[in-house]
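Following this message is one structure expressed as structure tokens.
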Amino acid sequence: MVSADAIRTAVGIIGNVISLILFLSPVQTFVRIWKKGSVEQYSPVPYLATLFNCMAWALYGLPVVHPNSLLVVTINGSAIFIELSYIILFLIYSSDKKQRLKVLLVLLLELVFMALLAFLVIKLAHTHKKRSLIVGLVCILGNIMMYASPLSVMKLVITTKSVEYMPFFLSLFSFFNSIAWFTYALIRFDIFLTIPNGLGLLFGSAQLLLYATYYKNTKRLMAERKSRQLSLTEVVSDRDEPKKISRTNHNGRAPSQNNGA
């Protein structure tokens, strides 16, 4: 008979794979940002929230805080570097100086907070139970921030009736990620994993529901916008054509006139 620990490990490995896909899912978004040279209406909040969450869970999974949590450390340690890369790209391609300053300030606060948390927990809490409790509470906060961070984007979706700026794969794999880690937490009950991933299921479901609701309308709005842009290009081209002809006549011969026989 397969033990609960073996099942938990298998689910944890699946969770690691899904989490990695989740953390890499915004690559398509950042390729678009790179090509356009602008962050457009994309929000940095999900990436800042995810970075905070991953730093908290990486600390939680350390042997000095919560032993036997290697799978938690490996995926969140990798995610820290991935999220930092996204934030750096966001800073490079954001044309709004105030927005860049806000992102830098939040990033600095997150790094300082985590450094202080790690130092104080290891120095002042002398048992794994106490350390796990303190860092676990921060992890719950981090997870809620990560899963709730798309709420601002969801508000934009409802206002514009368009999902153009709500990355589909980020929403989809957030949903799958919550299922995997929620299951992992239930096999050997861990309240610090159960609560945030249960909420993640709710938020993920809401995002996918919004996507299904406004997907067709988004396609229609994007087609209309493209059509208007093409029409505007044609109008500008038509206006420029007489100017080109006038310049040609001015620089070359004047057109011949037919005076009759």
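Any Cβ shown, glycine's included, is placed from N, Cα and C.
Remember, predicted model here, so these are calculated numbers, not experimental data.
When I checked TrEMBL for this same protein, it listed these features:
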- 248-261: compositional bias 'Polar residues' (COMPBIAS)
- 236-261: region 'Disordered' (REGION)
- 6-24: transmembrane segment (TRANSMEM)
- 45-64: transmembrane segment (TRANSMEM)
- 70-92: transmembrane segment (TRANSMEM)
- 104-126: transmembrane segment (TRANSMEM)
- 132-153: transmembrane segment (TRANSMEM)
- 165-187: transmembrane segment (TRANSMEM)
- 193-215: transmembrane segment (TRANSMEM)
Using Cβ atoms and a strict cutoff of less than 8 Å, what residues sit near the transmembrane segment (165-187) while being 6 or more residues removed from its termini?
4, 7-8, 11-12, 14-15, 18-19, 21-22, 25-26, 28-29, 40-43, 46, 147, 150, 153-154, 156-157, 193-194, 197-198, 200-201, 203-205, 207-208, 210-211
Ranking 6-24, 45-64, 70-92 by Cβ pairs under 8 Å to the transmembrane segment (104-126), which is first?
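Comparing 6-24, 45-64, 70-92 against the transmembrane segment (104-126), the winner is 45-64.
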Could you name the stretch, out of 45-64, 70-92, 132-153, with the greatest number of CB pairs under 8 A to the transmembrane segment (6-24)?
70-92
What else in the chain is close to the transmembrane segment (45-64), if you only count residues 6 or more beyond its ends and a Cβ gap under 8 Å?
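Counting only partners 6 or more residues beyond its ends, the transmembrane segment (45-64) has Cβ contacts under 8 Å with 23, 26, 70-73, 76-77, 79-80, 83-84, 86-87, 90, 103, 106-107, 110, 114, 117-118, 121-122, 128, 131-132, 135-136, 138-139, 141-143, 145-146, 148-150, 152-153, 170, 192.
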